[in-house]
Amino acid sequence: MKDLLKFLKAQTKTEEFDAIKIALASPDMIRSWSFGEVKKPETINYRTFKPERDGLFCARIFGPVKDYECLCGKYKRLKHRGVICEKCGVEVTQTKVRRERMGHIELASPTAHIWFLKSLPSRIGLLLDMPLRDIERVLYFESYVVIEGGMTNLERQQILTEEQYLDALEEFGDEFDAKMGAEAIQALLKSMDLEQECEQLREELNETNSETKRKKLTKRIKLLEAFVQSGNKPEWMILTVLPVLPPDLRPLVPLDGGRFATSDLNDLYRRVINRNNRLKRLLDLAAPDIIVRNEKRMLQEAVDALLDNGRRGRAITGSNKRPLKSLADMIKGKQGRFRQNLLGKRVDYSGRSVITVGPYLRLHQCGLPKKMALELFKPFIYGKLELRGLATTIKAAKKMVEREEAVVWDILDEVIREHPVLLNRAPTLHRLGIQAFEPVLIEGKAIQLHPLVCAAYNADFDGDQMAVHVPLTLEAQLEARALMMSTNNILSPANGEPIIVPSQDVVLGLYYMTRDCVNAKGEGMVLTGPKEAERLYRSGLASLHARVKVRITEYKKDANGELVAKTSLKDTTVGRAILWMIVPKGLPYSIVNQALGKKAISKMLNTCYRILGLKPTVIFADQIMYTGFTYAARSGASVGIDDMVIPEKKHEIISEAEAEVAEIQEQFQSGLVTAGERYNKVIDIWAAANDRVSKAMMDNLQTETVINRDGQEEKQVSFNSIYMMADSGARGSAAQIRQLAGMRGLMAKPDGSIIETPITANFREGLNVLQYFISTHGARKGLADTALKTANSGYLTRRLVDVAQDLVVTEDDCGTHEGIMMTPVIEGGDVKEPLRDRVLGRVTAEDVLKPGTANILVPRNTLLHEQWCDLLEENSVDAVKVRSVVSCDTDFGVCAHCYGRDLARGHIINKGEAIGVIAAQSIGEPGTQLTMRTFHIGGAASRAAAESSIQVKNKGSIKLSNVKSVVNSSGKLVITSRNTELKLIDEFGRTKESYKVPYGAVLAKGDGEQVAGGETVANWDPHTMPVITEVSGFVRFTDMIDGQTITRQTDELTGLSSLVVLDSAERTAGGKDLRPALKIVDAQGNDVLIPGTDMPAQYFLPGKAIVQLEDGVQISSGDTLARIPQESGGTKDITGGLPRVADLFEARRPKEPAILAEISGIVSFGKETKGKRRLVITPVDGSDPYEEMIPKWRQLNVFEGERVERGDVISDGPEAPHDILRLRGVHAVTRYIVNEVQDVYRLQGVKINDKHIEVIVRQMLRKATIVNAGSSDFLEGEQVEYSRVKIANRELEANGKVGATYSRDLLGITKASLATESFISAASFQETTRVLTEAAVAGKRDELRGLKENVIVGRLIPAGTGYAYHQDRMRRRAAGEAPAAPQVTAEDASASLAELLNAGLGGSDNE
């Protein structure tokens, strides 16, 4: 008995490990795993179904087919455990060893492992420094390779064809050694001296200067070093022994009818064994070389197919013409081992059903059909039945449950009480897609869901299904209750706004109840309180909308958090007074004293949560829902065809538009406008007409005229049902009402261009056939887009999760002083996002001072909550430096202070929170709401793009930044700098508006001057770019020779002549080297210097420039010397929506990126080549100039002799994020990506907190390239993990040595995921083969730091509740203790014993 218990204990021991290492397997290692050699290709005997001896399923090698029973049946039962039968050679043990015992095949000739050969870059090729083509020719017996040159003129590794080999044999005899096949490659690999080769390459690296050569050398050095360090031997990449997978992992199952279903691997192994045996026989017979060679090649191909079918040549197909699934196919792809079984497992104790509404449920409840509950909670019911003594055995209990006896239902009630279940709706796009509820038993077969959680699940009741899961263990139940309960998930983790918000009916009900109406029944009464209001309403003495005075008692929290009552008489309506009864104490009456729309209700819940906390909010939310449903039913709001009131003006608006279109058509026919202009104008006319119709319609719907108490007419907001639905935010929008009662407007063709004949009808009037046909385009495109969108959005989320999965909060404070400056987002005249929204929930990086003083307003390291933000607003602070994850100094993970507030909970984030996954989900989840298309700008939009002035909206003072300007003759400022910004500051010092001012703009007001709202402050010519002089004097032409560098043109209409500079391509040979320029001289003819420098004022003119001055004219500063016509870029496509977000996160270079200045200095142009010009920037301090070739067609923003700063734009275009990082730093690139991504989401009205995007950016910046190795052991130009450089530098500096210098790299999310330190995580993401090959060669260790790796190896993840377990293990490891072993109690042991004995009895009781 005792040793049985010991045996059981050994069975339950869990493996504790800290890291997983992957390496090449040596032949001896493969043999040590093996339990015997597989010699025959046979599988099982088709008559007896017993495995053949020495075959692929041999019981002697792999273990018994039945538990504790040998093959011939001599030994049965547990007592013979461990005996090896002398007759059949099978060990008596459990069958499950057939899942773990491996075999092997001794190959008669070595074969190359295809992964190390063909997975690019080829490892064997890199190691031998031979091209892959040559190696393949040797391996597949087409050429010879020289292994030892001896005293001959043949080089080692030289490739010889058959003829060359024979010639060499004749010439040198056996002086040299050349072979073909894998033996040759193996010999080459064996004879390599890795250390010496490494030394040699390092020396070469120091001597060489060519960039490509350096890259190649570093690659080889890295590979060789990896081999040296990992202890892998190169010749192990050639297989001499092939391992055989355990048979139960490649099963063979008999189907009825004498056929077998088998895993493809068996076929592949059979081919290998057959060819191997044939090759052995041929070698024993000493067959002719050519036959042996052919057989060897076939063996090589068979092994290739087994390891990775289809990688080389055609894939081997089975009987049914489809390629066989090889070992590589087993692990890669969506159906492979990683994604199908390790990352996505199926679970027991779950059910699914359709969902319906449960309007009477509380927020933490869900309705569970009795049938489902009975099935899901079976084990608990069996247990209870036995415990009560109502059933003696499990079998009896089972029978009772099947009969559904009365007592079973009582027990079910008991079991279910306080036992939460998880509800999940696919697709689970964010963590709120799985929440816990307490089940309430219901009749029927549909799960009932609380209406308020629909928003989080994105569920509706048109046939959606949901899955139920039962948390079994106590810990699981505890987590479900404490963390996943729907009542604990009130706020969205993406933006910190409430996600439990009413929608549709509830909103309509509350809106209806809080509206007021002129002269309603009971207007003007004075009531004692909400109770009386309700009584009057119920008894029909007062209308719900009557304006009355009511005595209201409000409660307000004082400084100590006590509630203080305050009673006053309020002007309000009956409905609002009734609603006040459900509002929790502590909120002001003003929040219900308004017509409540969806936004107002959301704000009300948010306020409630911030002031009163979780519990009152949950109760309040439920009450809101019940009240809303009640009054929505009372309102009787419905949609009738007469609610869609068509405006009378519609006909005349349309006929006016038609007349204008006809007029333009005439102009087009008489040749006054071009076809494109006509099209754009027509579309503009119809768009304007549509707007007018919809405005007339909305004015019509919005108000109605009523008679008030005094008998006068008064306008009030309409009670039209459709209008109320749209106005409250319950359903529908102005655009949809426009289609119902206005006109449908312009439609797009399938290719996205707009059809110029609009649909003038609306749905109430009905469409004719043509109109209906046109409108089908749009509908069809919508459906197609949605399908594409879902797939793309899902893939984006997967990439985001993958790149961010290992980012966890690991410490409280990293102590950094770095951070990013937060300012409000202002585009033109509107504040898109106020500062408050951007800094709320962040931690300050430095003290915030009161503007204009040195007094500290907010100290450093303060978490900015609502009250702090109010303080910032009161003092009109305009910029705050906050901590950010991008600048966090924690090595693995981030610190809580750099992250700030946990948006879903409202306090600073806890340690162990998986912020990476939360960020990825928050960005990915709204992905399906983004559009898929690229926007074409045409018509009205493209004309608006060419702005030519700035008109301010508000009054205030002007502030210019980065400005250089000169005053012109009329006393106005002319801008001569490139990236000038004009800001409007209000009287409190806050920025209200911000505009970009181009070069050459004329300002009406100067810096610091006051302007009134609506005033124009700057204007410029959008079509030409001027050349402005900064000094006054006389113009002197240099190199301006008519016919060579310039030509004179006269305008027919005005008769004015102007000079046009010829492009270098148009010039004659003599004019090629001339540089046309305008020089400014004083009256004496001496050069005038540019103020502040010693350079003469000389303006070089580029080709196509137009000069309207004559030689020797007097000019004054600020005048235009020449104009350069700007080719307007035509209609540019703007990539929007999802593709744009993907481009940003993948850090793709745009097609024609902006050219930025690499260094600061003076611009000049060097010698031109055919299609390019040479830009030279000479630094002022006299160091080496920087040169760059720029295509001629790029329009440059700089003139010769101008001074630029590093990172300035030289030629416009979309900026490449890599350039921003290189030239302007980490913070600039963070700001760029965050702002660009936010622009896309903001357009769709989706709110995402900046810090989620910053988290992804931090992961994109994980790598750094070593610039100078210092005394570290990195290679120059090597790409390493940023944290590793930091740690290494810290150690070096502590020892007083020189650290490595590096430059940060920006990787796209796919690249970053594949470049992670963890090979398990990378392999499960994409390109499994390549990742595993690389890892094996380098002998990588996976420290299992991220979440994905731990899920794959089946451990608790180092986040959330698993964080403590991992911390504990790390502490133990540091202290060197053994991990706490799981204790086996006596009960456990006896239970396991019973199970084991049952197994030994051959399972007589197998129901």
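Note: Cβ is positioned from N, Cα and C throughout, glycine not excepted.
For C70, C72, C85, C88, the entry in Swiss-Prot reads Zn(2+) 1 binding site. Within the same chain, the residues at least 6 positions away from C88 (Zn(2+) 1 binding site) whose Cβ sits under 8 Å from its Cβ are R53, A59, R60, C70, L71, C72, K74, listed in sequence order. According to DSSP, C88 (Zn(2+) 1 binding site) is assigned to coil rather than to any helix or strand.
Annotation source Swiss-Prot lists Mg(2+) binding site at D460, D462, D464. DSSP gives D460 (Mg(2+) binding site) a coil state; it is part of no helix or strand.
Sequence annotations record features per position, and here Swiss-Prot assigns Zn(2+) 2 binding site to C814, C888, C895, C898 based on sequence analysis. A sphere of 10 angstroms centred on the C-beta of C888 (Zn(2+) 2 binding site) encloses 24 other C-beta atoms.
Feature annotation from Swiss-Prot assigns N6-acetyllysine to K972; the stated evidence is sequence analysis. Cβ contacts within 10 Å of K972 (N6-acetyllysine), excluding its own Cβ and spanning all protein chains shown: 15.
Of all the binding-site residues given, namely C70, C72, C85, C814, C895, the one with the smallest number of surrounding CB atoms inside 10 A is C72. Under the DSSP three-state reduction, C814 (Zn(2+) 2 binding site) is assigned to coil, being neither helix nor strand. Working note on the binding-site residues D460, D462, D464: by count of other C-beta atoms within 10 Å of each C-beta, D464 ranks first. Within the set of recorded positions D460, D462, K972, the entry lying nearest in space to C888 (Zn(2+) 2 binding site) is D460 (CA atoms). The Cβ centroid of D460, D462, D464 marks the Mg(2+) site; residues of that chain outside this set whose Cβ lies within 8 Å of it are I355, A459, F461, G463, given in sequence order. Look at C898 (Zn(2+) 2 binding site): DSSP puts it in a helix. Counting only same-chain residues at least 6 apart in sequence, those with a Cβ under 8 Å from the Cβ of C898 (Zn(2+) 2 binding site) are C814, T816, V843, R883, S884, V885, S887, C888, T890. For C85 (Zn(2+) 1 binding site), the nearest of the binding-site residues D460, D462, D464 in terms of C-alpha separation is D464. In sequence order, E811, D813, T816, R883, V885, S887, D889, T890, V894, A896, H897, Y899 are the same-chain residues whose CB sits within 8 A of the CB centroid of C814, C888, C895, C898, the residues recorded for Zn(2+) 2 being left out.
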